[in-house]
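For reference, the structure is listed below as structure tokens.
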Number of protein chains: 4
Amino acid sequence: MLNIGKFSFASRLFLGTGKYKTAEVQKQAVEASETEVLTFAVRRMNIFDSSQPDPFEDMDLKGYRLLPNTAGAKTAEEAVRIARMADAAGMCDMIKVEVIGCDKTLLPDPVETLKASEQLLKEGFTVLAYTSDDVVLARKLQELGIHAIMPGASPIGTGLGIVNPYNLAHIIEQAVVPVIVDAGIGSPKDASYAMELGADGVLLNTAVAGADQPVKMAEAMKLAVQAGKLGHEAGRTEKKFYAQASSPTEGMSQL
Amino acid sequence: MLNIGKFSFASRLFLGTGKYKTAEVQKQAVEASETEVLTFAVRRMNIFDSSQPDPFEDMDLKGYRLLPNTAGAKTAEEAVRIARMADAAGMCDMIKVEVIGCDKTLLPDPVETLKASEQLLKEGFTVLAYTSDDVVLARKLQELGIHAIMPGASPIGTGLGIVNPYNLAHIIEQAVVPVIVDAGIGSPKDASYAMELGADGVLLNTAVAGADQPVKMAEAMKLAVQAGKLGHEAGRTEKKFYAQASSPTEGMSQL
Amino acid sequence: MLNIGKFSFASRLFLGTGKYKTAEVQKQAVEASETEVLTFAVRRMNIFDSSQPDPFEDMDLKGYRLLPNTAGAKTAEEAVRIARMADAAGMCDMIKVEVIGCDKTLLPDPVETLKASEQLLKEGFTVLAYTSDDVVLARKLQELGIHAIMPGASPIGTGLGIVNPYNLAHIIEQAVVPVIVDAGIGSPKDASYAMELGADGVLLNTAVAGADQPVKMAEAMKLAVQAGKLGHEAGRTEKKFYAQASSPTEGMSQL
Amino acid sequence: MLNIGKFSFASRLFLGTGKYKTAEVQKQAVEASETEVLTFAVRRMNIFDSSQPDPFEDMDLKGYRLLPNTAGAKTAEEAVRIARMADAAGMCDMIKVEVIGCDKTLLPDPVETLKASEQLLKEGFTVLAYTSDDVVLARKLQELGIHAIMPGASPIGTGLGIVNPYNLAHIIEQAVVPVIVDAGIGSPKDASYAMELGADGVLLNTAVAGADQPVKMAEAMKLAVQAGKLGHEAGRTEKKFYAQASSPTEGMSQL
């Protein structure tokens, strides 16, 4: 089981909402993924802006934990305001701190992310923070008492996968809270790789919502996360430069 | 379904035998993998050498198709002799041609592989050939009428994974028979990647037999192959250099 | 010419000192590199600790600009103290802010790096900051008015080369001051790659000092930096998936 | 010095001709590269087809060794015919066997390459063969007595660089004749990498002729080949997972 704060999850795949062509496709993809956590941008919700559609229309939210994010915030202050609003609307089991520092890469602002996380922790939120793969920043967030860290594999929506497995491996090795790899996952192999490196979970959105067949990709991701988790636990063989016969011939009779 | 010659398979994972610590672990790993095809080195069988143990002791071979390989052969002639012996022993649904041209890398000899394949096809075998990732050699084998090609991801037993995805992609794009990626798979992400590139199946041995917990890794590989197959069918998003908001903020109200 | 603050350099290779087997080898390597900038840890200098040897014995420092670093500092305060000491000793043309946040990776502390840089800029230093490849942190340092940013290719002394070329490319694209890639360079190809991505210079130490033949490697790095700079200016061809005949055969007479 | 058959070269960069926008740019690029070997497609020469332009107009060919290639040949027979024609025209110091087996990838046909090489060696040519990075094929060519092997880094004209450094490293480790990495080089770092792996030389064309500024890129490639060669000789440091202080602080006085 994956434990974050007071919550426990059997599934290690967190799925974003939004970006689907229809609400029906989103619903089916969510079901196929078997996720237990739905994430969404508070600022796109009609709790925030009544002109926005309800992203969860027709979905029965029982059985899901809601992980609103603070996307759109560029400062800690904005992030905190967004989080409080989600909480006031009763749509905030956990909050994902997301403070963007660069419009082109949507990479997070390390200083504002720390500030927002600190404040929200004080206010009693269960806080997960989206960060770059900066090893030291991940430590600092944990020193604040954060409930999970969410380092990116690569920039949001790029599908580049895990560009820097070394940093992720260091973050995981040093982590004292769950590590959820977030952003940049492009295909099942990336999700599996994150788990093989020892991550505790994966959050993704575009890889599923932007696939030609989102429902099928959601199922693929579910399996990939399971495969990677099992692969990590099973302990892979070491990489070698020279070949090793898998059909050994030592001791064989000669032709 | 995966169709090779006259055979059809629901599973796309082929599992090698041998290299397991105990026969019991092998049996459990085979079951966990849900493979329908078992491969083994004829020269290690007691049909070939009565001093060798029976690699399949205690296993009920019903429900499996047997894919003996010609490991140990360095010439086409040797490979053909080994194949005939497996056939005579009634242990040869399909034959995997494996003619090694280099002791250090265990990479195949392209010329002898062609010769052995040609001869065995003439003799009516269902022939799969282990090759390097040489695009032109894969074409030549198909021109002979081979039933499946088995390009390596990287040298046998190295666990380096798919070193050259470009060549594999070219082989797959041009293939008119199934492509089973064989050799070098080290972890689930590699198996998934092979399938995402469009391969029809994966054959592996060391990655499972050499894992700390082979049975668990066998299950991981089963899931990874399924994830990769679904991921390929689902059509992944394109990779991008700049980030794309997965929680789009266009049209958002201002704070 | 590379311009940093009030200084101009014809060479774009900055070389670390220390870690050489002998002072003579260091001297020859420095000469072979044709560097104009020497960097060193203030805390290893006898200006700081009179029991330490003089790392520059026998070297004529005329013709070099000195770039002491604050290695060993774990807080902004320590870094500032070290910088002031170097300045007081007359050994500080420029200061490299280096505040380490993790003993295992020696990756920098983003928050303390910002603080130290801000203070030293106020005190009139020419400041270069060693950072991770965090795109937003690089922006923040530039907003402070820093004179050059020094993102790492990979952790210090690992020789892993440029693990994340995407982040480096984003940093370079957005930079308004020189970008000197620092740390992790392992071989000439890495130095060339940094320059091809558009970096303004490269700083390295272990790759030269730890080579079997440091003097020869210093010359190799000099050439690699020049090659990469020219290659960047020359504008490389685009990568392609399908081959393009370099000996075109269109319009050829038929055999 | 690089020795191939009876020839010796100070430069380890072989440059292709053709594909330049003007003859003047080609001439200047050749000079900037300091190459001693020019390669060209015989079938594009007016010795072969009088309607073709002279690719070497205005160039003084003294001081260069000519390495015509058999581009356009799809069989050994065609390649042999082309080679003889170049020889008859007095334009053939060495011959580069190039028999293409796939129009999309321009990858070589292993079987026809072997046949053509064998025949031309019998006829007394100094033979270099363009091959894939197939380790066993490289061995077979050397067993024939070939004068140099030319494995590709990636398909011709793609600029993908060294996709499979493992195979190249194995080829080089086992080689008893010079290894000239040919095809796929995209930028200086690729040329340097080939040499760092222990190659004896690099042949390229598109990377220079297709650059925005070919003359500058020619110079970059010259320097990159030198850097890589020196880097190989100098013996690089080993890659490490954990950081190693390059400004060591052990034994330092405490602040």
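Easy rule for this one: first residue shown is 1, then count along the chain.
Even glycines carry a Cβ here, placed using N, Cα and C.
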Among A:Gly157, A:Gly198, A:Gly228, A:Gly231, which residue does TrEMBL annotate as binding 1-deoxy-D-xylulose 5-phosphate at the site that also has A:Ala183, A:Gly184, A:Asn205, A:Thr206?
A:Gly157
In all the protein chains shown, the tally of other Cβ atoms within 10 Å of the Cβ of A:Gly184 (1-deoxy-D-xylulose 5-phosphate binding site) is 27
Give me the largest Cα to Cα distance among A:Gly157, A:Ala183, A:Gly184, A:Asn205, A:Thr206, the residues the record lists as binding 1-deoxy-D-xylulose 5-phosphate, in Å as a whole number.
9
If H, G and I count as helix, E and B as strand, and all else as coil, what does DSSP give for A:Gly184 (1-deoxy-D-xylulose 5-phosphate binding site)?
coil
If you measure between the CA atoms of A:Gly157 (1-deoxy-D-xylulose 5-phosphate binding site) and A:Lys96 (active site, schiff-base intermediate with DXP) and round to the nearest Å, you get 17
Inter-residue Cα distance where the pair is A:Lys96 (active site, schiff-base intermediate with DXP) and A:Gly184 (1-deoxy-D-xylulose 5-phosphate binding site), in Å
16
Where does A:Thr206 (1-deoxy-D-xylulose 5-phosphate binding site) sit by DSSP, helix, strand or coil?
helix
CB contacts for A:Thr206 (1-deoxy-D-xylulose 5-phosphate binding site) [other CB atoms within 10 A, all chains]:
24
Sequence-ordered list of residues in the chain of A:Ala183 (1-deoxy-D-xylulose 5-phosphate binding site) that lie 6 or more positions away and have a Cβ within less than 8 Å of its Cβ, or none, is A:Leu106, A:Tyr130, A:Met150, A:Gly152, A:Ala153, A:Ser154, A:Pro155, A:Ile156, A:Gly157, A:Leu203, A:Leu204
Counting every protein chain shown, other Cβ atoms within 10 Å of the Cβ of A:Asn205 (1-deoxy-D-xylulose 5-phosphate binding site) number 24
Is any of the recorded positions A:Lys96, A:Gly184, A:Thr206 near chain B, in the sense of a CB under 8 A from one of its CBs, and if so which?
A:Thr206
